[in-house]
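Here is the structure we will look at.
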Amino acid sequence: MSFVLVLLLALHGSALGQTLSSSFYDSSCPNLTTIVRAAVQQAVQAEARIAASFVRLHFHDCFVNGCDASILLDGANLEQNARPNAGSARGFDIVDSIKSSVESSCPGVVSCADLLALIARDSVVALNGPSWTVVFGRRDSLTASQSAANANLPPPTLNASALITSFQNQGLSTTDMVALSGAHTIGQAQCTTFKARLYGPFQRGDQMDQSFNTSLQSSCPSSNGDTNLSPLDVQTPTSFDNRYFRNLQNRRGLLFSDQTLFSGDQASTRNLVNSYASSQSTFFQDFGNAMVRMGNINVLTGSNGEIRRNCGRTN
């Protein structure tokens, strides 16, 4: 374990300064990791794409008022129906099923926010990606904000400079941003998120390999087909590896917000892409560290929030 990661395990939540800890549930829910790991492996074996969906849920949760499971709250005017989530955020039913299993073993103990962090880690591991030590002690929010989700979740049209700012606003570095973008080595995206790249008008600095563009047009026509899916990593879409960064070097990034990391005007992001493309181990280490940091954004601890018994509604 790296020295940096060891230091990260002493992270503090924003509320009351209470420390998150990898041993938080050792006594109160000793079977937690076993239950979650088995459930995630089963889900990923049934559909590899769900691993990316789980990681995305954790990311979309943390970027909206902190890692507090607000994205899991059901409601027409809540985060699930914000523009970045409506029709694309998924996996809620499996999270609910995992929560039910955990509740059966240790009722009223494990927060939904902690579950999302653990499920995300186990999803990456299930597709041969890196592991990292998940710290616990988060509590669940009592509310959710659709407007905050619309405002805080970075759209796929942002350039490198705007992405750096978006992540800095969450306390994350440029290295964290590029490493976390590497989660796009798995999963798929809807045609509507990249159609403009295929047919124009094109953003400044947007570059796409012509043969890649042509191949995408068959599944993403200029009219209709907005919900058709294409893999974010055309090379190894169900394996968590560093091929995503090699794709960017070859101008085969699916989203503008992906390709801009290499083709945009930020040398810092381009250098990181080159580093991760040449060293999977460097990418894996930085990704794990970034996931730990992201999982600490504005967490609720102590007596703030609650431990939901059902992730979809408050107690």
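Every residue gets a Cβ built from N, Cα and C, even glycine.
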Candidate in Cys29, Cys191, Cys220, Cys311 joined to Cys106 through a disulfide, as TrEMBL lists it:
Cys29
Can you tell which of Cys112, Cys220 is bonded to Cys191 by a disulfide, based on TrEMBL?
Cys220
Write out the long-range same-chain contacts of Cys29 (disulfide bond), meaning residues 6 or more apart in sequence whose Cβ is under 8 Å from its Cβ.
Val102, Ser105, Cys106, Val109, Val110
Fewest Cβ neighbours within 10 Å, where candidates are the disulfide-bonded residues Cys106, Cys191:
Cys106
Near Asp233 (Ca(2+) 2 binding site) in space, meaning Cα within 10 angstroms, which of the recorded positions do we find among Cys62, His184, Cys191?
His184
Between the recorded positions Arg56, His184, where is the Cβ count within 10 Å the lowest?
Arg56
